[in-house]
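Engineer: This is the structure, below, for whatever I ask next.
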């Protein structure tokens with residue numbers, strides 16, 4: 001055992017010396033490889049964290065949202081609907097929601113206005129999302145004016161700016177009292193944008209949805225799971241778009257890394273011949289070169305992954321922000337909660353480190369099984 | 001010590017560019033002396049040396065090392081024999097560039113897993129014995145040709161081999177350095193080692209240190225080959241004819 005350890009130490013020493021001797025090639029390889037891992041890991045970490053965030057946010061949202069449809073388009077909920085829903089067995093709580101979009105020509109962006117019936121700001125006061133506050137340069141206590149679709153000018157005092165933690169979904173949000181909402185949009189009294197429902201038993205959500213569809217045939221129930229699935233799809237789609245856009249670059253990097261790894265220089269072949277001639281076994285040579293490949297690929301993997309982690313969780317994925325983040329015109333600025341998925345790391349490892357190890361090993365094996373007498377003729 | 005029987009060695013066998021480098025070599029290498037393989041370029045010296053040093057296997061024939069047949073052994077066993085029995089000094093020295101002289105000397109012993117201190121001391125002693133102690137930390141590409149050769153010799157001796165094999169050891173050296181090499185050769189002989197070398201340098205081949213010179217031409221031993229040379233046969237026939245002519249005429253028996 002002691003002998004084996006001593007032998008491995010010598011191999012490791014020689015491997016490190018070999019790496020140092022071919023500094024330029026190995027540093028180049030390390031850089032390209034790290035960059036490849038960085039790009040892939042950044043996209044994976046970011047979308048995974050976004051999915052996680054969306055799941056967390058939606059966890060507290062209502063199980064079912066009911067919208068009325070007219071000619072296939074979303075229409076207002078007329079009076080009486082809430083009462084009819086309340087009588088359906090299994091529905092625990094119902095509430096009408098008021099929301100709408102407002103285009104702000106000042107920043108050329110759409111805001112989402114939400115009229116609250118509970119915990120609402122006082123009349124004439126609003127709470128705004130962090131993105132909106134940033135773009136309009138307002139803070140608590142400032143006055144914001146909006147010209148409504150009817151042409152009337154409304155001024156609101158900013159009560160508070162919503163916490164930055166929720167910016168992923170509240171960047172463009174304006175919260176105001178029900179009466180202010182109705183006045184601003186000339187919204188008909190007792191009408192709602194949609195209805196939210198709480199279902200006591202999560203197993204019964206689909207049954208309740210079915211009952212709703214039967215009782216109110218002009219309405220469509222939207223389940224929380226479906227919303228979640230939509231978000232997941234959006235992030236999947238965005239991730240796919242980014243990967244598709246980057247695929248050419250990723251492929252180029254991969255080919256370059258493969259080429260560098262799999263090509264043995266004349267000098268390396270000569271060295272293998274010398275080592276074999278002076279008494280190294282084929283296994284020793286392969287082990288040494290495998291150490292070399294693993295050292296490069298593992299270092300690159302770690303460097304790339306750590307850089308991606310810092311990029312995503314400390315710099316809010318600045319490089320992919322425009323494509324991956326948010327679904328409003330106002331890009332949210334927020335720090336994601338770090339989420340690391342073991343399976344994801346394993347997948348990335350499997351598709352980066354292993355191909356590299358194979359790329360290194362094949363030519364080494366081919367060179368090291370040749371007769372050592374070739375070195376005599378060099 | 002090493003016995004070759006009917007050795008043939010082909011390159012690219014069975015292909016259009018097939019080439020037979022050795023054709024029927026029978027040879028005995030005695031232990032404890034210097035044997036030189038000599039001959040023109042392409043005569044098969046280096047090929048024979050690689051077979052003697054277990055760097056390659058013959059296409060046909062037997063190689064016996066200390067009465068053990070090694071010609072059919074797998075590469076793994078050959079490597080083991082090579083490491084324990086032979087030390088190599090190559091024509092181009094074949095040192096690993098970028099490593100120090102000391103590291104190069106230690107390399108053949110790495111697979112043995114000796115304690116580092118012991119190996120280092122041994123390597124330093126070898127370098128010191130060859131007057132290279134002061135250059136041990138220098139990278140080999142910074143050394144002169146003579147120094148590089150001495151590093152290669154130190155490397156060949158690190159595993160204390162019984163046989164030292166040197167391919168054209170003086171080919172890249174001037175006369176002074178060649179003479180220095182011959183001195184080292186004497187020292188190796190005094191240590192009881194067997195030395196096998198290829199050379200066509202008269203300084204080496206005609207040296208008193210070299211006990212046996214094996215001459216090769218076209219993959220065959222010259223001495224054996226000469227017996228069948230047409231010129232020799234013609235010379236023999238001519239001698240016989242002139243001897244017969246010189247005999248006194250015998251009287252013919254009367255035929256009746």
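Numbers run from 1 along the shown chain.
Quick reminder: no glycine exception, Cβ is built from N, Cα and C everywhere.
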Engineer: For the transmembrane segment entry in TrEMBL, name the matching range from A:240-258, A:259-277.
Structural biologist: A:240-258
Engineer: At a C-beta cut-off of under 8 Å, are there same-chain residues at least 6 beyond the transmembrane segment (A:340-362) that contact it? List them, or none.
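Structural biologist: Answer is 33, 36-37, 40-41, 44-45, 48, 257-258, 261-262, 286, 289-290, 292-294, 296-298, 300-301, 305, 309.
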Engineer: For the transmembrane segment (A:294-320), what are the same-chain contacts with Cβ under 8 Å, counting residues 6+ beyond its ends?
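Structural biologist: Apart from its flanks, the transmembrane segment (A:294-320) reaches 15-16, 19, 26, 29-30, 33-43, 45-46, 49, 242, 261, 333-336, 338, 340, 345, 348-349, 352-353, 356-357.
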Engineer: What are the DSSP helix/strand/coil residue counts across the domain 'ABC3 transporter permease C-terminal' (A:243-368)?
Structural biologist: 95 helix, 0 strand, 31 coil
